[in-house]
Amino acid sequence: MENPENIIEVRNLQIDFHTYAGEVKAIRDVSFDLRKGETLAIVGESGSGKSVTTRSLMGLLAPNAVIKSGSIMFHDEDIIKKSEKDMQHIRGKDIAMIFQDPMTSLDPTMRIGLQIAEPLMKHKGLKKKEAVAQALEMLKLVGITDPENRINDYPYQFSGGMRQRIVIAIALVCYPEVLIADEPTTALDVTIQAQILDLMKDLQNRIDTSIIFITHDLGVVAGMADRVAVMYAGKIVEYGTVDEIFFNPQHPYTWGLLNSMPTLDTEGGSLSAIPGTPPDLLDPPVGDAFAARSDYAMKIDTEKEPPFFKVSDTHYAATWLLHPDAPKVTPPAEIVRRQKKFATMQKPEAPIKHETKE
Amino acid sequence: MRKYLLKRIFYLFLTLFIVATATFFLMKLMPGTPLQNEAKLTASEKASILAQYGLDKPVWLQYFIYIGGIFKGSLGLSFQFSDQAVSYLIGSRMGPSMQLGGQAMVVGVIFGIILGAVGAIRKDTWADRLATVLSILGIAVPSFVLAILLQYYLGLKLGWFPVAGWEGFAYTILPTLALAASPLAETARFIRTDMVDVLSSDYIELAKAKGLSKFGIVYHHALRNSLIPMVTLIGPLAAALMTGSMVVENIFSVPGIGEQFVKSILVNDYPTIMGVTIFYSALLCLLLLLTDIVYGIIDPRIRLSGNGD
């Protein structure tokens, strides 16, 4: 580990998928850290590689995926080099995962108590009876009413929000160090979303776990994350603290994302969308992958890949706009408004102290 | 649930009634008479024998007499076996047929599940392809062909098992194998398709994320969920076993109902044909009913649906 505060260090990860059409370069040189106790949000549109990245942490990539290079350090060991058997001891115990659709992620024919108890039986060697007893505690913790009776119910007897609470109970029952939440609220309606997010934050404090939160919903990120990494076309294009990403974004793609997010003070009746579609990763473009869709693209964006430029100790963005020789551009009005707000935010309280890296 | 059951039982009897009616008239359309040595009999002898069995009456009257008998609980007397009651004939020959059918079902379903599961877990490998070839063969090769092949090679050439007869467990092995091929193949195909689906579902992904081993995932999650639709196969499988057993019992000289049935068709033993047909139909209907009840037991979503959840 380069930094003792880190629990996971991903370095230069590159993942390809073999398909009939050819090699899809799904993850292209991704590096990030996860610190103890923090929530890191990975944001990006569908196909940007956020799910693939986290699946590789679990060793749960599809059979046609190949890890071309890179390392994923967890407890000073490289997960990539681990065998399937070794990974089985990590999954569910040290690193757990919550999935997107609670309606389909529970086994319809097994009582929920046993489903929650399963990881305990596997990882802690508990007998069924003891494990189910602990499962009951977990059900209480995730806020299922009347847990003594409901522990013997089947998934179909619960609503979507309740099922997601059960999925969370399964994920957290072994008190994992890392929780990966893959769009855990996308399939839920808005009021339930808020409840689930509150529950996750509450449990994070209680059992002291780090969370990687994958989402395409920036609104969810704002209340949930400490730090944000923005992914586009298999790469991280910008990362920083939640305030830095929301109020001082630097990459045109982040601008686009924020601009297409409705806020309470969005003026006028229309939302702006990012034009075009993401690039074909069978043959990724040279340079900045977002250039083709960006109003701010320069000639160099189509020729050379931008490195990460440092904005602050905690904030980096991969865009040529940050190069000293780049012309000054004016971001969209909404972003300018945000940046002004950021300037006022900076004065009263000092930015959150984080160790520098790179 | 009770209302549902009563309805199903009513339909069961309706089905049996229709089967009995159709069989009766189809049987009457068969050429020939139940008389042996017909050519040597004089016209008056013929007429007196036919009159003795009530066969001189018009067909529609015979039909009502027969149906009336069924409602009184009688399947009539056999022509060929010196006036034994058909119900007694079926009862006394049921044992070997049930034993064979049961053994074949158990062997077929168990090995079918294993074969299908291996195919699904090792999808697109040589093991999967071998399983597919085996199950296609099992479906394509009729049980009587397999019966004769088994009889010839394992019975006659290698002498491992008795060729025919019914004098102990060893005698049941070859007919069981011959009968088991079709349910085995059907089960294997069914389980493979089903399990491939189940293995790609979200809850299997979650089971993997729990850190369960491959075997644990298949055994605790995939199998049960794949087996649920499999229950619907029990009815058709039973039907295949029954029809298969008629021929296979003949080939191996097993004193079962199937053998009895084939014989009674050859000699126009009307009451026995009717009796066995109704018996088979009743068995099949009961199995289908049982299937639906079992379905409710293993799938909790169906079990409680009657309670207005």
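Residue numbers in this text run from 1 along the chain shown.
Backbone N, Cα and C atoms are what each Cβ position is placed from, and that goes for glycine too.
Because the structure is a prediction, the values reported are computed rather than measured.
Positions annotated as domain 'ABC transmembrane type-1' by TrEMBL: B:94-295.
According to TrEMBL, the feature transmembrane segment maps to B:9-27 (among others). Tertiary neighbourhood of the transmembrane segment (B:9-27): same-chain residues 59, 63, 66-67, 70, 270, 273-274, 277-278, 281-282, 285-286, 289, selected by CB-CB distance under 8 Å and a gap of 6+ residues from either end.
Remote same-chain partners of the transmembrane segment (B:100-121), defined as residues 6 or more beyond its termini with a Cβ less than 8 Å from a stretch Cβ, comprise 127-128, 131-132, 134-135, 172, 175-177, 179-192, 194-196, 199, 214, 218, 222-223, 226-227, 230, 237-238, 241-242, 244-245, 248-249, 254, 256. TrEMBL lists B:100-121 (among others) with the feature transmembrane segment.
Under the heading transmembrane segment, TrEMBL lists B:133-154 (among others).
Marked as transmembrane segment by TrEMBL: B:166-185 (among others).
Within its own chain, the transmembrane segment (B:227-252) is flanked in space by residues 96-97, 100-101, 104-105, 108-109, 113, 143-144, 147-148, 151, 163-166, 171, 174-175, 178-179, 182-183, 186-187, 190-191, 194, 258-259, 261-262, 280, 283-284, 287-288, 290-291, 294-295, 298-299, which lie at least six positions past its ends and keep a Cβ under 8 Å from the stretch. The transmembrane segment annotation in TrEMBL covers B:227-252 (among others).
The annotation transmembrane segment is assigned in TrEMBL to B:272-298 (among others).
Counting same-chain residues at least six beyond the ends of the transmembrane segment (B:166-185), those with a Cβ under 8 angstroms from any Cβ of the stretch are 96, 99-101, 103-105, 107-109, 111-112, 115, 134-139, 141, 143-144, 146-147, 150-151, 154-155, 237, 240-241, 244-245, 248-249, 251-255. Outside the transmembrane segment (B:272-298), and at least 6 residues removed from its termini, the chain residues within Cβ reach (under 8 Å) are 8-9, 12, 15-16, 19-20, 23-24, 27, 66, 70, 75-76, 78-80, 86-87, 89-90, 224, 227-228, 231-232, 234-235, 238-239, 242, 257, 260-261, 264-265.
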